[in-house]
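Novice: When I checked TrEMBL for this same protein, it listed these features:
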- 31-56: transmembrane segment (TRANSMEM)
- 68-93: transmembrane segment (TRANSMEM)
- 113-136: transmembrane segment (TRANSMEM)
- 148-173: transmembrane segment (TRANSMEM)
- 197-216: transmembrane segment (TRANSMEM)
- 237-255: transmembrane segment (TRANSMEM)
- 267-290: transmembrane segment (TRANSMEM)
Amino acid sequence: MTTSPIDVSTTYEELLNATAKENGRTPQSDIIIGVAMILLSLICAIAYSIILVAIYKDKELIRMTSYKFMFVLGWCDVIQCFPHAVTGIFTLYQSTGTYWLAKLMGVLATPFYVGYAVLTVMLSVNRFVQLAYPHWDQTLFSSKATKIWIGVALGFVVFYMIALASPSASIVYNPDWYSWDYDYTLPGSFYVQKMEMVIEVGGIFLSGGLYLGVIIMLMRTRKRFAASRNYTTEVKILIQALTITVYCSILNILWHNYQYILPLDLWTYTGLNFMWIFNSGVYPLIYFIVNSALRGKIVRATKETRTMFTHSVVLPNERSKTMGT
């Protein structure tokens, strides 16, 4: 959330207590929101992990540059689920834990979201170059070049981890508001937040322009594109990449500019926090929808698991009961 700097003589704990008076929170809402945060985080993490394993095992997909970006992007999302689950526990007990633990959760959550945002821009660049300048694709997105692109994105993650782990800046979960905010009692928090906003919101316009170019090119060359043997795969990639970018764009615009668009109350902050958590569920959902092969694998795996459970647990218990009689 964005806020202006405050008097640095105020402690963060005093700030939380002062801003949490009569905000509409109740013990019942603590339980509901806390449990929902934990469950949503776990569901997103498990679903995403299944998708990532499926991509990694598919040698044809993992060789594609776009899926390499989406694979790393996925791990950035999965890692964010852990601090979200922990802050769900904070919500249940209405505690930030110790300050260092709350700070650690911020060091894990925000930097990996920044890396996620940077990777969505790189993915849009890859989609645009492959269609507009295919002769550049092998150079700009060769195997070695792709590693460099990914390395740059992870460099942003490391930079933000160092910045938020330092004594000068911090982003901390506030259970009284069911949301996160920078600790503006620290002098560097204001500047770290502004840098984050420039990266994430600026990336929206860059990705939006590139995808607009992609759509225009596809409309102009749709007959030639439809005749390509990779047509189905390319359409699926485009749908997945566009969905990720659109959701990320909406989240970033609201997150950094909510005070101009939404009412400043508890449920605005709560809704934005849940949008952040569900960010980790968008890709698994769209990938499951567009990938019929994955749906088939999950259905078969579910049937196999049910069969194994029946043979290993249910049938032995029934035989033991029969022998006992």
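Each residue, glycine too, has its Cβ placed from N, Cα and C.
TrEMBL: automatically predicted annotations, no manual curation.
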Novice: Take the C-beta pairs under 8 A between the transmembrane segment (68-93) and each of 31-56, 113-136, 237-255. Which stretch has the highest count?
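Specialist: Most Cβ pairs under 8 Å with the transmembrane segment (68-93) come from 31-56.
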Novice: List, by number or range, the same-chain residues at least 6 past the transmembrane segment (113-136) whose CB is under 8 A from its CB atoms?
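Specialist: Same-chain contacts beyond the flanks: 65-66, 69-70, 72-73, 76-77, 80, 149-150, 152-154, 156-157, 160, 196, 199-200, 203, 206-207, 210-211, 213-214, 217-218, 237-238, 241, 244-245, 248, 252, 276, 279.
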Novice: For the transmembrane segment (31-56), what are the same-chain contacts with Cβ under 8 Å, counting residues 6+ beyond its ends?
Specialist: 62, 67, 70-71, 74-75, 77-78, 81-82, 84-85, 87-93, 178, 270, 273-274, 277-278, 280-281, 283-285, 287-288, 294, 297-298
